[in-house]
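Some notes on the structure that comes next.
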Amino acid sequence: MEPIVELIDVIKTFDGREVLKGINFSVMPGEIIGYIGPNGAGKSTTVKILLGMLKKDSGTIRIFNQTLDEKDETYKSRIGYVPENAELYETLTAKEYLLFVGELYGMKEKEIIRKAVLMMDALGIKESFHGRLSGFSKGMRQKVLIISSLIHDPDILFWDEPLSGLDANSVQIIKELLAKLKDEGKTIFYSSHVMDTVEKLSDRILILHGGEVVADGPFNELKKEAAGTLEELFNTLTGFDEHEALADQLLKGIKGEFTHDA
Amino acid sequence: MMRNGLDKEMYESTPIYLKLIDKLAPFYTKIGVDYGQMRTILETKMIMDSRRDPVIQGMSSNEDEREDKNHFFRSLWVYALVSVFMLFLFVYDNWVFQYTTYFSYLFIMVFFTMLANFSTILLDTKDADLIGSKPVSQKTIGAAKATHISIYLISFTFAVGLVIILSTFYFNGILAGILLIILTLLASLWTLGLTIILYATVLKHFDGERLKNIIAYSQISVSIFMVAGYYLMGQIFEIIDPSTFLVEMDLSLGHALLFPMWFVAPFGLLQEGFKMVYVIYTLFLFLGTIGIGILYYINSDKIDRNLQKMNKTKMRVSERSLLENGTEKLLCLSSLEKAYYHFTWQLTKNEREFKTRLYPSIASALVFPLFIFFTTLRGGQSITSQNTLTFSYLPYFTMLSIPMIAVVTQFSVNHKGSWIFELSPGRAKGPFLRAVTKVMLVKILLPMYSFISLLILVLMGFAQSVHLLNGFLLMSVILYFEMKRSVKTLPFTRKYAASEANQGCLSGLIFFVPVFIVSISMIVLQTFIPYAEWGVLLLLISINIWWIKKGFDE
């Protein structure tokens, strides 16, 4: 089987600073990839390059067995995206927003509405179909974003913190959905800072640190390098072990206990 | 095919602008735009413009939500009304004179509106995330933005030109009327095209903070260029016979660059027949239009392609300046007000939208006094009592930027962060508004006023210093009242929306008459009554002390 996504030596710099230092990985159809890394590691940059929202400096990207052509956007109709910062056009109603997104994917009005109502019903927000997004809670907005990423039945999903703000029941629904989408052969990039969710959901973990892939493999295999949870593995690989000392420093900050060098 | 309106219950019929744009579908397709997608984006944006964001999240009532009004279109009649003053042009039967005045006025109004109010649409980075991840080409996004702006800009242009167009049909005939409609439309498209080309070029070659500054300054320089150009127009004509306004165009290389003249030449040909001057200028117009068309085609996707640069910021160590700290100690009385003072100072330093909206207004408020100052000097006139009077009141023109200040301080791109104001211990509104007004006075108006005043002091010595000081104190009082009149919510809590773009101009009109009366009264009082300036000084100091201490308290 051919990889559905392949990155070869992808480099990206911002103002002379190398954010991606030659990223290499490939993803097979039907895989759920836990895509994690500390803040500023280059996760969002990679996803934005894959979505054609940013230009890479060098390297090759193959997606759906074709080399990515930055001028041809048609491949995006097979991708669903939930961005980390849940931005929406808030003056629109949920119905209008989903119609807007669906039509950009070339779908027909009737089809969009039928799908949207069904999915909103499943996530318990059908009553808000005609409500303006500006009046939605964080969780409701997240649900609309998730629906907008699925409405055109994409083959690859890029989900950045998709469970943010969702209640416990909705989280469970989405987790079940992910398993079913995997069975359907969909590929899912799942990016989150909630390690135990990533650990449980992913077939494979990709850890990005300082613009480089520092770990790539199924969690069971990676565990051999550093026993324990994914969180502990993450800390080991990103070289971070000062949690307690820094918590103490925060406490001092709250109390106003300054040392002379602070 | 496409649906008609996003929500059929609310939008039974297709709006007229969409019907017109539908006719251009083959043209869009020909230049590589996906028309269906562009129409969807455009339709959505127009609906969003017709809805105002509730000031406080979640506070809007359902009743308000159902009421979709585009405030921009509803206020266009004001511009039509203002343009009535140009009817005097038809007293004289000289088309070149008539349309030179018309196109100069039109270009200033349209360019100013474009740069100050619609730059935010062109440079909007939110679309990149929401639409950029969908299968939509940058050419389509660019075309949607350009069409979105042109709906407003063309409506605005025709509102400004309406009176003259109708009068042209009546006085100058059908042919001249049709020609004027075509050229007015062309003027609007030129403005949009030139702005897009300018921004695309700047975005291509620069990045980060520098880019933002370049855009802000290019707005100022274009504004200055347009206003200065307007005054230069007077030099193009040689008045042959004042009684009949018989004039002749003077074609020199420098004047040929004033492109509004190119729009006038076809009327010269129409009224006066073949003249080489008019033929050359008409040819310029023709070639210029083709040139802009080609450059637009090349650059139409460049803005969105490079827009990511807009969000990049360099790490900067932010220090409070001496002026900021000093004036805070002098003007702010409570700790809450001090906090808001520094907050406003920093926010207005960093927010691009604030600058792009306010700077053109500052530029045009400065250009007029500077122009008079330098043309008087260049003319070699000696300082007589008459021009002493003129000179000492030149700084008053900087007051013209006050209405725009009162508008821009209501908005912010970071309006969502405004929940923090609700958490402040104590009533936020009074201290916040006092702080914002003080920052605007010190940071924006004081440097402008001082600059013009300094030129006058250098030229005329210190005899006029009390008059100048009184002018500043009056400006401070007027700023207070204008802020009180127009800022109804907490500052920086509203979202920029295209439909509210002309608020600055509107409040400028409301502002102008009372301020004119007050200023003239003060000038008369100080000029004709001995020692009146000292009385005025005392009165203004008292009012200022009052508002600095207690202004905006409920």
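Heads up, the Cβ atoms here are built off N, Cα and C, so glycines get one too.
Sequence annotations record features per position, and here TrEMBL assigns transmembrane segment to B:76-96, B:102-123, B:149-171, B:177-202, B:214-233, B:277-298, B:358-377, B:389-413, B:448-481, B:501-525, B:531-548.
With a threshold of 8 Å between CB atoms, the same-chain residues lying at least 6 positions outside the transmembrane segment (B:277-298) that come near it are 31, 186, 189-190, 193-194, 196-197, 249, 251, 256, 259, 261-266, 268-269. The recorded stretches the transmembrane segment (B:448-481) and the transmembrane segment (B:149-171) do not share 3+ CB pairs below 8 A when only pairs 6 or more apart in sequence are counted, and are therefore not in contact. For the transmembrane segment (B:389-413), the residues of the chain that approach it from at least six positions outside its boundaries are 116, 344, 347, 351-354, 357-358, 361-362, 364-366, 368-369, 372-373, 376, 383, 436, 440, 444-445, 448-449, 452-453, 456, 459-460, 464, 467-468, 471-472, 475, 478-479, 482-483, 485-487, 489, 491-496, 503-504, 507-508, 510-511, 515, 519, 523, 527, judged by C-beta separation under 8 angstroms. The transmembrane segment (B:76-96) shares more Cβ pairs under 8 Å with B:149-171 than with any other stretch in the list B:102-123, B:149-171, B:177-202, B:531-548.
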